[in-house]
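One structure below.
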């Protein structure tokens, strides 16, 4: 302690002694100083002695360090200040220097703290006076240079020392003094030192503020931990929590653009600018409230101690931060500054708890301390809860009118913040000082001050910590001061100022953009883009702007933020869009001619423009990189690991991955402390922004339309739902939308249309004029639109205005009525025109104006002074619209008129001035506006950004590649295109992607249709870029693969030319051309023609140079890269590979279709990639193969056989490889794979290719049979196609292989082939149907029979087989997959083949049924017979009559009998299932116009019933009877009775040719219609005679050529019906009584009659073989009715002589008149038999009565009819019938006989008169005898009876 004092005393003593020793002090005017020094020395001496140390006390500490504070020496050094103060005030430089030096050391070592109150000025501390004294030493430029240096040193020490505290005005004074020294000093070293010192001071001031907040945050954090620990009683992690403040030191991203240019500064300076002092003066003397002094020194000491203890805790963290910030200049200061920063500041922390709000509007910073002493800091300032501190005052947004001072809502949470604020604000104001007029002088104070202030501001911003970046006070300061300053300096013509402004802007954009949304917009709109867009702006300005833009464009966050916050904001300008458009123009070199730039300048500007565009795209790529999948970092196959070389490629790929936004600006969104931004910004929802963007585009479109035609614009906006329909809505729109053309708005409002008037009224009513004077109101009204020219329009507007004005100001007494206001308004308009229009020469005087307005106030005058005031105001300022915010960019016309550089400069400066004004006005206007800023986080934004800007990008890159050979430009363009493709790919924006890829493809020069002249390096690079794109973005290229693969295809051709190799054309096409080539000398080689390189004659030199330039394309790297695209196809994802393959096939197709030279390059590649990709998952592979297979389909059918052969052979190899892999059950990949073989077989008619396909398939079967599964389908399909071929070798090979499969492969691999079992059978049936090879046909049917054996032997295999038809029950699968196909195909054979094969097929089909039918289910039979009955299907029968007839007589016949056999064999199963169908089928047969078939039908009916009747149920019998009934009814030939010859009917043989006699003879003859149809022999029923054409029709066709065909057809049909009727009668007879029974009976009856032995004993037939016994009486009656109906019809016909004659004449049935005798007799005979049989049947007693009744009626009717017969032959026919009748009657009992005999008696008597045959007579005799006996007329002689009985 003692040592410390000693040092201090030594300092003081030496300094005082030095001052006293100076000769100047001896002078009188320094007496006061001298005295003060002496007194001080004396006191020091006394004190030293008093405090000499006791012996033995150890020497504590180093003497130079400040003593440990205690009460005793707290203010010791301070009391010796007076001599120094006086010394400083002396004008002697030496004394001043000594004094300053001592003060500096005392402050530095902490001996002088100045904490005591200043005795001279109440409310101030001593330290303030000390600083003031130091600053006072600077007396302007004339101050001694040494003194200047000492002042700088002392002030730096004061500001940076941690032992003393200076705040507010004192800090400002210190800063200002250094600033002035920099400006005023002529000494370069002093200037440099002053500047460095300033930088360091600012660093310290701001760092202290940040540190204080940091400490406080830590303190809070500890508190929180402690409390948590207390609450939880659980261990809490001891890591420092990541408080938002820990990340406040930004990396210095923006380089110091303003490097200290000390060398340039001229030491000579003029007088210090007074205004500068004035500016800072008022900030002086701000007084710190006495509150802080009331706290006792003891409190401060303890506070300091506690804090310093705490500081130990954070030593580690705090240590480096100040070091980072403070750039030491004065070496000795470093040690002190590095010391604990916290200590000095901490003391005041408690004292200035919340040191007051800055009063609004006060320029001098008077701080009212409104804090209560000792208030804990946390109440005002809680860093860990930022929301508390950041609450945005509600006044903020409304405060735009009030431009000075921070908003009242914001408060400083600490005095250190206020210090920083004051310094910052002063610098802003300094930078705004205007420069003197004329060209800027680099040495002038104004300019140097401006530059320095901007440099310092830049430094502050670059090092800004979290508090500065988030505290509302600073944000407001930036808005209100810095941004306004920038708007002024941002258009400076001094490059250095301009450059600094840009750097500051960059920093703001980087760190503060979340708070400065509006300001950034103004800066971009009014400065950056304006300078880029104006043709007059200088190259330097453009260059600097574009340099800055390079930085902005390189930061992804900034780029996306600009789009989201401006282009998607309805009220903001489209900055991103404009930026891209402007850059694109610059990159295209547009507008540079007018500027008179040199070529070098133009090129460098173009490059920069391109660089910016590429940067923007890189940012977009970077921003969306998470969505990009690099195909080379993954493999879709996963079969082999990538090789070493590939790994290295992946690690350093030439891909876009290396493009980051390398020099990206540091963005607030990433800093934790940006809570302000997150709080203010809306959520980042891309969809929402897209909607906004769309709305904005609609609004912009609407405004454009409005500015051309208002009504159209409004209508458009209403249609789009962006504008309401009411007048109020539209009026509001006119008020709010500033982009509307004011003239058009005026025209719209003035229009006389009813709606327009309503809008105008609403528009005026939305103005509030209350409390405004009349002229102000009028100005306000006319601000928004330009008054229209027509008087009536103005009139309407003024009228409404006057009314509204009075409505708003009802209390006014000036105007008597609205009329007055209206007239006055009108007069004001006239006055403003008069006074301010250049056209009006004689201006109106005030008197004239007053006179003009006489008597307008309800015949009274308005006060003269009132009118006079109006006149004066208008004269001073005309009424005009407010200046529109948008600066109009000079039109084209002015651009061209710039004659010289000088004139351009002049114009530019004028524009700059205007621009600065606008920018400043706008900045001030928005300085209080709070606009939410969204920090973009979502990668989706890139999509709409790119969609918006892709065209200007493309234009720039295309033009660049097109017209510039500079390699940098080319590489930038290519890089840009790559990025653009990447973005379009990632977001699958197809149109844009395709456009860029096409552009690339175009610049490869490979696809041009005109000839290639020569390839430049840029074209080669383009090819490489294209290949790289294919490599890195393959997954996303979609349709763009087309362009790429087209180029690769052409590249191969180019390589061939480059290397001079003859292209490997397909031999087939080149063969013919070889000859022509050799002969002609001046013709180009083919390959050149192929590429379209040359026309007719050739310049060989040119070709040589082309070859050379193209040679580069076959460099190793290109070849490898191309190859890598194909080998790398395995890494493409599932969708991409499909696109790739699809387009590869398309290109291959183009190659092959080339008329001159088909090439197979791509086809070979297809084969290669098929090999590479075969290992993909089956799902992907099948999609790939769908495309490739289709391509092979087409190629395999190529008319060029060589191509087709290559295709088929490639297919074979691929298939072999594919089949080797085998296939699991239920998969179908082989089927898809082998399908092209089928297609080629189907479509290619070339025998060579067809043969080759069959051979390939045969080879596969032979070598891979074990692996084939679903592929069998295709194999059979191919053989199926081969089966119908006419080429024997093809059919033979195919059939051999099929046979091999069916006999051997099926045996071994049956389960694998089940799926294609049907196909196999189908294939065999196709062979069977090939009529050209009958042997094969028969063999094929044998193989089908063989297949049936497989089904029968292995039903289990079918049951277990599962496939697509999972809905088939397992037990039915045998049927569906096995039996059904076999039987179905056989039915097909039957339907399609010639007779012998058909018959064989039919036989086999029924053989299979008979052999295996026992295993069939009921419903199978149903399906089966559906097939079988197809044989009879009318639709399927042959068309031609003869064939049809043949078919019916052979196949149908055969089938019919076969069906009946099967039915009989499986009756139990089939009776339910099949009977109806069989009956239906039989019914069908009898309806056909085929006699044979009709006979067979009835025949089969008979067979079925006779064979199975015993097992029939009652129901079945009913059905049988009904069927018979139906047949009967259908086949009654009614038309025989109704037919009439048509009038023009050709007559029968003409009467002239025949005599009457002959005619009569013929007419007497009659022919039975049934005669031609031979009766069926009962013993051999089945072999019915085959009559194909009924003789009737034969007769007609031969004999009567004139007869009409329809008649023949009809007659033939009628004939068949007659036949069927007869057959049916026979059938019923056979069924009921068994075949041949009746015939036998007739024969017996005849024989008995001949012997005259008819027995009339009652005898019942019991030996019934027929079905009689199974039929019920009702059923029998039904049959009976049929028979009788048939009988009656025949009777009717036979009796109708006239009709028969007509038919005979028409040629029906030959030589004589037709009749139906057989039908007439046999039907009745059968009926009688049935009735008599029933009559004698004991079991049918119940029916006897009816039977008797029927018998009596039938018999009497028959006898009556017989009596009417005239023709002998007719009666003859009845012989058997009468015999039967009489015999039967004779055999009934007497009793019954009575009834019958009495009934018939008279009729029988009548019969006697006919000439009857002996047998009949014999029976009649018996009858009459019996009558005698029964009626007891006579007694029979015994002997006679006896004889009979024997």
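Glycine is treated like the rest: Cβ placed from N, Cα and C.
For the residues 290, 648, 1597, Swiss-Prot attaches the annotation phosphoserine to 290, which does not rule out the feature elsewhere. Swiss-Prot marks one residue of 493, 1363, 1496, 1566 as phosphoserine, namely 1566. Swiss-Prot records phosphoserine for one of 286, 742, 893, namely 286. Between the listed ranges 577-630, 631-684, 685-738, Swiss-Prot ties the annotation region 'Disordered' to 631-684. Residue ranges 533-553, 554-574, 743-763, 764-784 are listed, and Swiss-Prot annotates 554-574 among them as region 'HUS'.
Of the candidates 492, 1067, 1563, 1834, Swiss-Prot marks one as phosphoserine, and that one is 1563. Per Swiss-Prot, the annotated phosphoserine among residues 115, 289, 364, 1578 corresponds to 289. Per-residue pLDDT, averaged along the domain 'SEC7' (688-877), amounts to 87 for this model.
DSSP labels the residues of the region 'HUS' (554-574) in these numbers: 12 helix, 0 strand, 9 coil.
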